[in-house]
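Take a look at the structure set out below.
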Amino acid sequence: MPQTTDEAASVSTVADIKPRSRDVTDGLEKAAARGMLRAVGMDDEDFAKPQIGVASSWNEITPCNLSLDRLANAVKEGVFSAGGYPLEFGTISVSDGISMGHEGMHFSLVSREVIADSVEVVMQAERLDGSVLLAGCDKSLPGMLMAAARLDLAAVFLYAGSILPGRAKLSDGSERDVTIIDAFEAVGACSRGLMSRADVDAIERAICPGEGACGGMYTANTMASAAEALGMSLPGSAAPPATDRRRDGFARRSGQAVVELLRRGITARDILTKEAFENAIAVVMAFGGSTNAVLHLLAIAHEANVALSLQDFSRIGSGVPHLADVKPFGRHVMSDVDHIGGVPVVMKALLDAGLLHGDCLTVTGHTMAENLAAITPPDPDGKVLRALANPIHPSGGITILHGSLAPEGAVVKTAGFDSDVFEGTARVFDGERAALDALEDGTITVGDAVVIRYEGPKGGPGMREMLAITGAIKGAGLGKDVLLLTDGRFSGGTTGLCVGHIAPEAVDGGPIALLRNGDRIRLDVAGRVLDVLADPAEFASRQQDFSPPPPRYTTGVLSKYVKLVSSAAVGAVCG
């Protein structure tokens, strides 16, 4: 029977489910390639199937990634069941918790670029048709999403899941839930004589009771929530703990989903639109998530060729209330978010208030609004997640600053702030170690504005996280009385008066490089302003004496990184 016009049109628009792997499976000249693939398990009938890369950052160095080998196997089951052929490969992951506070932290942010690059290299070289990207640690999540955006193939992201809280029994007989951030704060308390060494040891032994990423709304959980809001992971998949076997189901369905995306011709950039990034920003703001989300969402948007800027964070943050009472400043952890319905609870509340774009496409092949209608998440419980009518703060948990000290911008986590204005006296340190020494010596006091510079993307290099110093400041009882400013960045576990991502950075001659001990600094959160209170002419004259220090690394990956990396104001991207 002849085809109707509609039938012919339908056939002509069916996507090629092997848009790339034909390069290695089809034709006489591909005999050698097929021979290699036969050696890893493929048979004649498999060469007609789409080849799906299962990219995993599994390793044995950190609990964040331990579940990924199990989940990768479930993903492969899903790919097989949907008619695809999975091929697993690995990439690196750096543990921020282990690399914090020493030279190793220089290598953390660059690992994001290495992950994205390595996934791109394998996907391009082997001509894989689509991917499921598995990650558990802070930089591996954005690294995988950057790769997906750059490649613009069918792709689904899958999170390893968070760790459950530990339970520490202290010397006074009390017990409390603890996360890794408690260890950093305990060090500061112990150094000031506010906690015994025995209690530090008890906390150390309890903070990581098993596998999974750090349990509060720190960077990994923030980015997992953002990935779900972007539409790049299955709805409801961000919150379940790593040990929860629901994750195996999400893994299998992720494998099935990527094959269906191939059949429908849906690629990552069809999902990663400007509106999708606005949804992710809104969810991060409502959760009071990590300031690292600013850096990472800018970088993912760059790879997706989406124009995203700090101004977008300011605009959205001013209209989205902060709803989640979660650590590091609140009482709850990600498993508590899971217990009350997960990320979809926040998304539905924001969608109902007109604060999300419900028509954004997701990896299910449906829109975000359609996904939420299908799973019918409950309303906020009022404890872990507040209703919009009763927010913790009327605006989002992250604020973008500008001013004479940050002409290109800076970022402050305002979730947990008690006041809007802080004015203090500059204590200037070139690097984190000098500031830690001063704190341990007791020379940092109430009213100080501690400036840690030459820690930016180029100057660090690597834009180290300052959790060692912020945790020590809080542990020393100075968390609400000392302002910390840096061209570096902060851990998702940071709380207190902390301004990071100051741009331009010191090594580029930004105003932070010109600060001197005794300068007065003013932070106005409500006004979104960060200023040095100095005579403008006198302050500008200091530029004549500025000379950047020599590079810390002249060989290796960081030497390359310094030559390529851009300002934190645009995501610290390379190219």
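Using N, Cα and C of the backbone, Cβ positions are placed for all residues, glycine too.
Annotation comment: Swiss-Prot describes Pro2 as N-acetylproline, evidence class a large-scale study or a structure entry.
According to Swiss-Prot, the [2Fe-2S] cluster binding site annotation covers Cys64, Cys137, Cys214, on the basis of experimental evidence. Classification of Cys137 ([2Fe-2S] cluster binding site) by DSSP places it in coil, neither helical nor stranded. Neighbour list (Cys137 ([2Fe-2S] cluster binding site), Cβ cut-off 8 Å, at least 6 residues apart, same chain): Ser57, Thr62, Cys64, Asn65, Ser93, Val94, Ser95, Asp96, Ala213, Ala220.
Cβ environment of Glu465 (Mg(2+) binding site): Asp96, Met100, Met105, Ser108, Gly488, Arg489, Phe490, Ser491, Thr494 lie under 8 Å away, each six or more residues apart in the same chain. Among the features that Swiss-Prot reports, Mg(2+) binding site is placed at Asp96, Asp138, Lys139, Glu465, with the record citing experimental evidence.
The N6-carboxylysine annotation in Swiss-Prot covers Lys139 and is backed by experimental evidence.
Positions annotated as active site, proton acceptor by Swiss-Prot: Ser491. DSSP assigns Ser491 (active site, proton acceptor) to coil in the three-state reduction, placing it in neither a helix nor a strand.
You'll find the Cα of Lys139 (Mg(2+) binding site) roughly 13 Å from the Cα of Cys214 ([2Fe-2S] cluster binding site). Asp138 (Mg(2+) binding site) and Cys214 ([2Fe-2S] cluster binding site) have their C-alpha atoms 9 Å apart, to the nearest angstrom.
Cβ neighbours of Cys214 ([2Fe-2S] cluster binding site) (same chain, under 8 Å, six or more residues apart in sequence): Cys64, Gly97, Ser162, Ile163, Thr179, Ile180, Ile181, Ala220, Asn221, Gly492, Gly493. In this view, Asp138 (Mg(2+) binding site) is surrounded by 32 other Cβ atoms within 10 Å of its Cβ, with every protein chain counted. Shown in sequence order, Thr62, Pro63, Asn65, Ser95, Asp96, Gly97, Gly136, Asp138, Ala160, Ile163, Gly212, Ala213, Ala220 are the same-chain residues outside Cys64, Cys137, Cys214 whose Cβ sits within 8 Å of the Cβ centre of the [2Fe-2S] cluster site.
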